[in-house]
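According to Swiss-Prot, the protein carries these features:
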- 6-78: domain 'KRAB' (DOMAIN)
- K109: SUMO2 cross-link (CROSSLNK)
- 131-153: zinc finger (ZN_FING)
- 159-181: zinc finger (ZN_FING)
- 187-209: zinc finger (ZN_FING)
- 215-237: zinc finger (ZN_FING)
- 243-265: zinc finger (ZN_FING)
- 271-293: zinc finger (ZN_FING)
- 299-321: zinc finger (ZN_FING)
- 327-349: zinc finger (ZN_FING)
- 355-377: zinc finger (ZN_FING)
- 383-405: zinc finger (ZN_FING)
- K400: SUMO2 cross-link (CROSSLNK)
- 411-433: zinc finger (ZN_FING)
- 439-461: zinc finger (ZN_FING)
Amino acid sequence: MAQGLVTFADVAIDFSQEEWACLNSAQRDLYWDVMLENYSNLVSLDLESAYENKSLPTEKNIHEIRASKRNSDRRSKSLGRNWICEGTLERPQRSRGRYVNQMIINYVKRPATREGTPPRTHQRHHKENSFECKDCGKAFSRGYQLSQHQKIHTGEKPYECKECKKAFRWGNQLTQHQKIHTGEKPYECKDCGKAFRWGSSLVIHKRIHTGEKPYECKDCGKAFRRGDELTQHQRFHTGEKDYECKDCGKTFSRVYKLIQHKRIHSGEKPYECKDCGKAFICGSSLIQHKRIHTGEKPYECQECGKAFTRVNYLTQHQKIHTGEKPHECKECGKAFRWGSSLVKHERIHTGEKPYKCTECGKAFNCGYHLTQHERIHTGETPYKCKECGKAFIYGSSLVKHERIHTGVKPYGCTECGKSFSHGHQLTQHQKTHSGAKSYECKECGKACNHLNHLREHQRIHNS
């Protein structure tokens, strides 16, 4: 007998019941293909070994190996059956000046306990999370998971796209990325016709139509369509933020957010719009920006029919109908529909203005205001009126301008029924009914109900 047996379990990948249930048929087929490739690699080993043994595989053994592989390759697509591997691979044996292998694999078919039960190639007895990363202490239940995780620390990205030279840590990421260049979207939703590059994206998308939210938080009961959304949400309860920026110390709950954040320091904007040349830190921002040019608004409110360019805009809008304001300020008790609004509001109390203009040094309490301000320096006016061609720095300015052409006056006075195209015009008008005069002259104390009236009055003193 040869010493130091290499069992098939050393290269096999096992799935738990829960993990297997999450795989679609294409992913399960991929699993079988990978496992069979491993079988083939083991059979065809021709490596040097310190072990010498004169026993050779017989022709009958080799025939059994090849026949078994062909048989399993043909029949493994049946997910209603389980296949187990019995036998071991001995280390390469030396004989007649070359190295050969001795391996007998017998596939045994047995009925599955239920449809979709994961194949168990070998029952392992590792303790849960027994593979620990020496860099950050994070633990994993399987060795291959640790190997994949360590690439985050080393920065290793061995899989490079030939089209754009972008590199990836894992081969499946490259495969998915390449569909961007080919434009391939083979997975189509039967309800709305929207197509996707990946089957998993279609499964998640279908939950929009069905309303299914299978991932529920045990702490607060909130449910989510996707597992990663639940994982991210749970970090709000635990306060866990594993990924820290070495430049500024800011921490993040997800690694991709850290990667995007680092581009703020480096100035890198790899995603460029082909229509106007504007570049972005992340790809999702480019996709959303393109809708300015196309006019696409794919997210529609079922209550009022209003459509939006982003799904988070729709989610925020829907709170108007429900009246939900779950985010409350601990300082003053003011409540907000959205968490981001609360964060911005809290800066009023703290005086924090973290967003600084590199041109003039002016600081702002939210990034959106800085983005708008920077257009003053660049002269960029991305919002153009289709009627007259006039362009604006801000989208809100375009919306107000378009009312000149449409004649829309959405702000109506409840006292007299008079309508206005702008909210501030209604506010000023309502002072006529209330008698409020909020603009007072510092010279003589006279009060006016409109700011422009006060300015006209002040000319008397200046003259």
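All positions are counted from 1 along the displayed chain.
Here the Cβ of each residue, glycine as well, is placed from N, Cα and C on the backbone.
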Cβ neighbours of K400 (SUMO2 cross-link) where a neighbour is any other Cβ within 10 Å: 14
Intrachain neighbours beyond the zinc finger (411-433), with Cβ under 8 angstroms and 6 or more residues off its ends: 400, 403-404, 449-450
Residues from the same chain, set at least six apart from the ends of the zinc finger (383-405), whose C-beta lies under 8 A from its own: 292, 372, 375-376, 421-422
Long-range Cβ neighbours of the zinc finger (299-321) (under 8 Å; 6 or more residues past either end): 288, 291-292, 337-338
